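The annotation transmembrane segment is assigned in Swiss-Prot to 9-29, 452-472, 477-497 on the grounds of sequence analysis. Swiss-Prot lists VAL64, ALA65, GLU84, ARG85, ARG92, ARG163, VAL179, ASP341, MET354 with the feature FAD binding site, giving similarity to another entry as the kind of evidence. Look at Swiss-Prot and you will find TYR126 tagged as site 'Important for enzyme activity'.
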Amino acid sequence: MAPTIFVDHCILTTTFVASLFAFLLLYVLRRRSKTIHGSVNVRNGTLTVKSGTDVDIIIVGAGVAGAALAHTLGKEGRRVHVIERDLTEPDRIVGELLQPGGYLKLIELGLEDCVKDIDAQRVLGYALFKDGKHTKLSYPLDQFDSDVAGRSFHNGRFVQRMREKASLLPNVRMEQGTVTSLVEENGIIKGVQYKTKDGQELKSFAPLTIVCDGCFSNLRRSLCKPKVEVPSNFVGLVLENCELPFPNHGHVVLGDPSPILFYPISSSEVRCLVDVPGSKLPSVASGEMAHHLKTMVAPQVPPQIRDAFISAVEKGNIRTMPNRSMPADPIHTPGALLLGDAFNMRHPLTGGGMTVALSDIVILRDLLNPLVDLTNKESLSKYIESFYTLRKPVASTINTLAGALYKVFLASPDDARSEMRRACFDYLSLGGVCSSGPVALLSGLNPRPMSLVLHFFAVAIFGVGRLLVPLPSVKRLWLGARLISSASGIIFPIIKAEGVRQMFFPRTIPAIYRAPPTPSSSSPQ
């Protein structure tokens with residue numbers, strides 16, 4: 001009997017020790033799998049490497065928005081992993097003019113030195129040309145330091161400077177790779193799956209993923225309801241060694257059928273962008289585009305730079321790019337948000353894209369600042385919702401102005417639209433508040449929705465008033481009524497797409513009143 005009891009006791013003791021050992025081994029392995037960077041799984045022959053939890057924020061894309069955001073959040077102490085498809089210097093024909101309002105945001109983010117040593121040019125306003133007449137519109141900069149002005153430059157040089165500055169921060173990791181998808185679990189974005197430069201499939205995880213992979217984003221569909229429109233295309237040229245009629249000014253020619261833009265991008269180069277309405281373009285390869293530019297566009301170019309324009313066409317370096325517009329319509333997704341052109345686009349006529357992006361980054365930085373720990377998904381989601389609301393007044397004003405101004409500047413066979421175009425040019429030529437007000441909107445110095453609407457309809461009323469002086473007629477009254485109707489038909493659909501309540505009455509939306517989190521609410525749950 002005694003030996004049997006002894007054997008049972010030994011079995012129980014051995015079982016207990018083995019169970020304890022197995023439990024400890026399992027615990028160590030689970031801890032190791034969570035903390036070791038680069039644990040490997042092989043599925044269907046594809047190598048997937050899952051990164052550890054040493055990242056606070058993943059940024060997809062390192063263009064203007066992504067690079068500026070990486071530096072901003074890195075400077076705030078966040079551990080940032082940036083994944084960019086191509087880290088070589090970009091070569092684009094847009095994103096070359098930063099409005100004064102955007103430059104102020106650049107200063108606020110501590111990135112103003114990124115426009116130094118790249119041969120950037122100061123921009124002090126615009127010159128408008130129409131039917132042989134011209135008017136100069138200066139930015140209202142009297143209340144600002146002498147350094148504050150617009151800046152124009154090679155986009156790639158500017159982006160590279162910001163990338164370099166972000167990369168200098170020890171907590172920012174810049175990696176070349178192509179993000180193929182967002183990693184989602186139970187409706188929450190956990191990170192991204194991407195291919196490295198060498199073709200290796202990797203996954204990276206973080207509490208927050210910010211997608212800013214540009215106008216051709218392949219990730220936006222899961223984070224917003226994209227309604228992309230392409231009203232026109234830009235045809236880009238570089239004019240060399242020529243002087244613009246008004247130095248340090250952007251030049252807008254109200255041509256037929258659409259605007260032509262000129263602005264300096266270095267001390268010896270001038271960018272020309274010819275807007276071509278619709279989706280169909282003359283062929284560049286066949287020479288049809290060059291013929292179109294020489295015969296249809298060149299006669300409308302100011303005489304001082306016409307020879308340089310023709311010379312640029314003959315050199316043959318003609319590039320095109322679709323002009324996209326897309327109102328912001330986010331899908332609130334825990335763990336992720338959109339930024340930059342991936343989220344919101346407007347016609348580039350007014351050069352407002354970088355101003356919107358930099359303004360968004362300032363808002364996002366200030367919202368995330370009190371959140372010590374981003375792993376609290378509920379708290380983080382509330383602040384992302386606040387971001388989408390707080391950005392609306394500024395972004396929507398710039399977006400609406402770009403869309404409305406482009407439609408007004410288009411030539412049209414309709415008498416009412418043509419009268420609106422003439423009224424706009426003459427209204428801006430009046431000077432005083434009639435020019436400083438709209439230019440303050442355009443420059444991002446006073447992006448107020450109500451001011452935009454007031455000036456837009458002031459142009460329409462100015463046009464109607466001219467029709468009724470000295471004596472009104474039935475024909476002129478009818479034309480005036482159609483002019484008001486045309487103006488309404490231009491601006492109201494844009495405002496509706498942007499969101500009337502968010503644009504004009506944001507304070508009626510609870511998300512705008514988001515108090516800083518208490519220490520307990522910002523700690524992980």
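One is the number of the first residue shown, and numbering goes on along the chain from there.
The backbone N, Cα and C atoms fix where each Cβ goes, and this holds for glycine too.
Features as recorded by Swiss-Prot, highlighted on the structure.
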| residue | record | DSSP (3 states) |
| --- | --- | --- |
| VAL64 | FAD binding site | helix |
| GLU84 | FAD binding site | strand |
| ARG92 | FAD binding site | coil |
| TYR126 | site 'Important for enzyme activity' | strand |
| VAL179 | FAD binding site | strand |
| MET354 | FAD binding site | helix |
Practice item. Taking the Cβ of VAL179 (FAD binding site) as the reference point, list residues of the same chain whose Cβ is under 8 angstroms away and which are at least six residues distant in sequence. Key: VAL60, ILE83, ARG85, VAL192, GLN193, TYR194, ASP213, LEU219
Review point. In whole Å, how far is TYR126 (site 'Important for enzyme activity') from VAL64 (FAD binding site) when you measure between their Cα atoms?
Key: 23
Practice item. Which residue among the recorded positions GLU84, ARG92, TYR126, MET354 has the fewest other Cβ atoms within 10 Å of its Cβ, if you could check? Key: ARG92
Review point. Other than its own, how many Cβ atoms are within 10 Å of the Cβ belonging to VAL64 (FAD binding site)?
Key: 27
